[in-house]
Amino acid sequence: MLKRYMLLAVATVFFAFQVLTSTATAAELDDATRTVALNEGSTVTLSTQQAKEGQRLFNFACANCHIGGDTKTNPSINLSSASLAGANPRRDNVEGLVDYMNNPTTYDGFDTISEVHPSTQSTDVFPLMRNLSDEDLFDIAGHILIQPSVIGDQWGGGKANR
């Protein structure tokens with residue numbers, strides 16, 4: 001009987017600890033972490049609500065292929081800061097990423113790929129993009145740009161950095 005009570009006490013402490021602790025949330029991100037490039041000359045500080053919503057929308061519409069910032073269909077191109085900066089046009093800012101989500105192009109920028117990459121142009125093929133507004137795309141872009149500051153090289157770093 002005493003053994004049963006001890007197990008119950010240990011289980012209660014364990015579950016109480018789980019309830020009282022949580023992973024990092026958008027509310028815990030400071031202003032410096034939530035500040036990202038708006039375009040090539042300006043920055044913007046996302047609100048905690050925008051950061052939270054960006055994470056939710058990314059998980060809803062993008063994480064199937066871009067889990068952890070990697071790209072399942074093309075592992076050589078990921079969502080790391082270096083990859084986004086190397087794209088033409090640059091995609092390492094909010095406006096560049098929103099433009100890409102509206103009009104996706106190849107890494108060199110020469111060819112459109114809206115038929116094979118989810119975008120607001122191809123909602124018939126990729127229905128998850130159907131109801132995303134420009135504000136939603138802004139929040140998703142903010143989430144993508146925040147991640148290198150939150151999880152470092154693990155974001156877009158592939159299996160080697162996990």
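Using N, Cα and C of the backbone, Cβ positions are placed for all residues, glycine too.
What Swiss-Prot records for CYS62, CYS65, HIS66, HIS117 is heme c binding site, and it gives sequence analysis as the kind of evidence. Residues near HIS117 (heme c binding site) in space but far in sequence (CB under 8 A, at least 6 apart, same chain), listed by position: PRO104.
Annotation comment: Swiss-Prot describes 1-26 as signal peptide, evidence class sequence analysis.
Listed in sequence order, the residues of the same chain lying 6 or more apart from CYS65 (heme c binding site) and placing their CB within less than 8 Å of its CB are THR71, LYS72, THR73, PRO118.
The maximal spread of the heme c binding site, taken as the longest Cα to Cα distance among CYS62, CYS65, HIS66, HIS117, is 12 Å. Excluding the listed site residues CYS62, CYS65, HIS66, HIS117, the same chain places ALA63, ASN64, THR71, LYS72, PRO118 with Cβ atoms within 8 Å of the centre of the heme c site Cβ atoms.
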